[in-house]
Amino acid sequence: MSIGDEVIPTVDISAWLSSTASPESKNKVVEEVRSACNKYGFFNLVGHGIPAEAREKIFGCTKKFFDLPLEEKMKISVDKSLGKSFRGYEPSLIQTHQDGLLPDTKECFITGAEIPADHPDAGKFSTGPNLWPEGLSDKEFRQPVMEYRALMLDLVSTIVRILGQGIHKAFGHPSDVLNDILINPSIPMRLLHYAPQENPDPRQFGVGDHTDFGCVSILLQQKGTKGLEVWYPPKETWIPVPVIEDAFVINMGDTMHRWTGGYYRSARHRVYITGERRYSVAFFLNGNLNLKIKPLDGSGGEASVGEHINSRLAHTLGDNAKYLR
């Protein structure tokens with residue numbers, strides 16, 4: 001499905017992961033990823049090697065969590081997380097991604113890298129222990145969630161290395177120029193639920209028009225659902241991103257956009273409300289929060305990764321930004 005001739009491309013990275021693939025095959029992967037991120041800021045990724053069982057398990061966990069009674073979910077709401085770590089349950093109507101509209105209808109469960117409460121950095125922004133629901137055992141929920149997170153960290157590390165090769169081709173920088181974002185990174189993950197509405201208010205979305213804050217996002221969409229759209233400026237239109245079998249949706253965030261001088265584009269996107277229930281899982285590589293980046297094309301000054309992401313998140317939370325103070 002596309003608007004006109006525009007469709008978000010699909011890239012098969014199996015050759016990049018293969019020890020026997022030719023250099024030409026690997027270079028083809030780099031070129032396809034580079035082109036997609038430069039033109040659209042989005043692409044569908046297949047040939048990733050993530051088992052179907054792991055994807056099915058994480059959707060099972062997502063459904064189990066959101067089936068819990070609201071009072072159970074509220075026991076681990078984000079206001080109960082340590083300091084500014086922002087972990088746990090985020091109820092519906094907490095965030096407003098698009099100014100001037102009603103709050104987003106999505107609800108989510110947020111985890112990050114597991115940082116013990118006695119760690120010196122625990123309680124700092126996006127850093128601390130995770131919160132877990134009492135009504136779900138470790139075996140049926142915590143364990144598969146953390147296993148999936150580990151798979152996503154491996155996958156996003158692969159994507160960053162492919163992106164680095166693309167930067168090398170474009171600007172001549174070393175191919176490992178982006179690797180610093182993988183050192184002790186902030187890697188929040190959100191299990192997401194969008195409740196169905198037959199007649200939604202036109203001023204409200206599941207998630208309003210926005211760009212992601214960090215470097216690279218990995219989205220797993222549920223089969224048979226719709227709602228995600230990407231803005232394509234050359235044609236001033238929204239391009240739907242339908243669910244593709246075995247695919248992850250990859251997109252660039254604002255930190256990557258700034259770092260590459262806009263070469264890898266952070267694209268606006270949104271999720272509109274439908275009459276069908278929708279689940280998805282979003283993994284975000286924000287990067288090392290202490291890292292200061294300068295545009296690789298020399299176009300601007302230095303910026304702090306952590307300060308940028310904290311500021312953007314606080315803006316979407318509005319009065320609820322008290323959870324970050």
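Just so it is clear, glycine is given a Cβ too, placed from its N, Cα and C backbone atoms.
As recorded in Swiss-Prot:
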- His210, Asp212, His269: Fe cation binding site (BINDING)
- Arg278: 2-oxoglutarate binding site (BINDING)
- 185-287: domain 'Fe2OG dioxygenase' (DOMAIN)
- Query: Between His269 (Fe cation binding site) and Arg278 (2-oxoglutarate binding site), how far is it from one CA atom to the other, in Å?
  - Reply: 16
- In angstrom units, rounded to an integer, how far apart are the Cα atoms of the residue listed as '2-oxoglutarate binding site' and Asp212 (Fe cation binding site)? 20
- CB neighbours within 10 A of His210 (Fe cation binding site), counting all protein chains shown, number 21
- Which of the listed binding-site residues (His269, Arg278) has the least company, meaning the fewest other Cβ atoms within 10 Å of its Cβ? Arg278
- May I ask which residues of the same chain, at least 6 positions away in sequence, place their Cβ under 8 angstroms from the Cβ of Asp212 (Fe cation binding site)? Asn251, Met252, Gly253, Asp254, Ser266, Phe284
- DSSP on Asp212 (Fe cation binding site), three-state: which is it? coil
- Item | Helix, strand and coil totals (DSSP H, G, I; E, B; other) for the domain 'Fe2OG dioxygenase' (185-287) | 9 helix, 43 strand, 51 coil
